[in-house]
Structures are given as C-alpha cells and as structure tokens.
Amino acid sequence: MAADSSLEFLKSVKGVILDMCGVLYDSGEGGGRAIHGSVEAVKRLMDSGLMLRFCTNETQNTRERFVQKLRVMGFDISVSHVFSPAPAVVQILQKRHLRPHLLVHDDLIPEFDGVDTSSPNCVVIGDAAEKFSYQNLNEAFRVLIGLEKPVLFSLGRGRYYKETDGLKLDVGVYMKALEYACDVQAEVVGKPSSEFFKTVLNDMNLQPHEVVMVGDDLVNDVGGAQSCGMKGLQVRTGKYRPSDECDPSVRADAYVDDLSAAVDAILTNR
C-alpha cells in the first residue's frame, strides 16, 4: 500500500492498541471464529517492533480463559498484554473498601475471588448474557435503591456487539435501566473510560499522540481513544455499520476494511 497523505498522523506512531471482539474475531458458539486475515495481521504487528497491547470490554470470561480461547484460534497473545474491566474494577473495590453485589456472567466470577460480597454496598454489572433476567435485574435494583448513596459500576457501556449469529444487546442497555430506576450515574470501568485507556498507555510508557487505537466500535473504541489524545482507526468488521462514517458526534481518523488493512496502513505510513 502506498503512503497516503491523509494518514500522515501514523508517522509518529510507536504503539498500537487493538480492540478484540469484532476486530480479531467474532464471538459466538464454540468460542467464535477469527476474522479473515486477523491472525497474520497481529503477527505482522508483533514482528514490526511497534508496541502492541489489547484492550477489551470482554466480561464473559476471565482474562486467562479469554486468551486461551484466542490462542486456539491461532493468536499468539500474552495475558499480561490484555487489558479488561474486571481486574480493574477489583482494584477499585479493594481500594475503596466496597462489597459488590455481582450481576455478571458465571464465567467471570473467578475474577472476584477474594472480594468480600457480604452485605453489598455497591453493584457491579457486566455482560451477564442469559443472566440478564427480570429477577436478577430487579435484585440488583433492590440493592442499589436500598443504599443511602448508591454506587453502580458498569464493566463497559456498549449498546450491542456482534456474534456469529447476529447482533446482541450489551451491558450498556442494562446499565441505563438501573441508572434510570435508581437515579444514579454509573462509574464505567473499561472503554471508553479515560482512566482505562490511561492505564494501557502507562503500561506502554508512551504518550497518547504516539499510539493509535484500532476498533470496530465508533464510540467506545475510537471516540474513547480520541478523548485521551490518541488517533482512532475504525475497521469495517464486527459491529461497524455504514452510518458510522457520517456520525455527527464521533469521526474516526481513518476507516479501513479490516485489521489486515489497518496494519497495512500503519506499517506503510509510519
């Protein structure tokens, strides 16, 4: 791919942050499947000498199980290079001496080993999938409404995501329901939180203008990165929709067909 004057901003890039679901793979039955060309694209980035990190709002598995699933697909990824909301919220809970009521996926529960959940004084909500029943949502509501100062943590705030059989509602929908019912504003842990992105940047030891984010979610991936001073590329895979390219509130610095094309652009124009 020839150098493109519209991609001049890539010349200063020393590091890349990749979203995972919708960029590397589509989730679904059997663990999902890798998006065409993404395994090789990740390898090319690793071989390029650029700093590489992975940033996900995945909350249906522990990081270890999540990375294991990706390795089965062919990705050579280290757990220490993957940043997800659950470990981050555990640190917050411990620092603030909070005891959560958990409305999360069963497979995420091990992330909270050692966290005191007796007599809850806050609620943590993640992508609970089938556990988002009326009964479970109402139980979380009752905990929140019964607190003098309700505290709600949401592991991301996505509206929907793509699985192999179609789009699925994400945690943000249920977060909004609890916010409305309890007149409380959730503390978002994960993308698009600036603090979450700053944690990744600190680990890379790079400045925001030296890093580009590649994601399929215009608001949480691209917009979140841009709010921290990074550039954002949106791929036309995963939850991408053509209407994203004329969104009035967030505009990606560039749009590319897939991760392979994003890597072509980054390596050619840096």
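Using the three backbone atoms N, Cα and C, a Cβ is placed for every residue, glycine included.
Long-range Cβ proximity for D19 (Mg(2+) binding site), meaning a same-chain Cβ under 8 A and a gap of 6 or more residues, is found for F54, C55, T56, K191, M213, V214, G215, D216, D217, D221. Here Swiss-Prot flags D19, C21, D216 as Mg(2+) binding site, drawing on similarity to another entry.
Feature annotation from Swiss-Prot assigns substrate binding site to D19, M20, C21, T56, N57, K191; the stated evidence is similarity to another entry. D19 (Mg(2+) binding site) falls outside any helix or strand according to DSSP and counts as coil.
D216 (Mg(2+) binding site) is surrounded by 28 other CB atoms, counting those within 10 A of its CB over all protein chains shown. Each residue contributes its Cα atom, and for C21 (Mg(2+) binding site) and N57 (substrate binding site) these two points are 9 Å apart. Under the three-state DSSP scheme, K191 (substrate binding site) falls in the coil class. Around the Cβ of M20 (substrate binding site), the number of neighbouring Cβ atoms within 10 Å comes to 24. The secondary structure of N57 (substrate binding site), as reduced to three states from DSSP, is coil rather than helix or strand.
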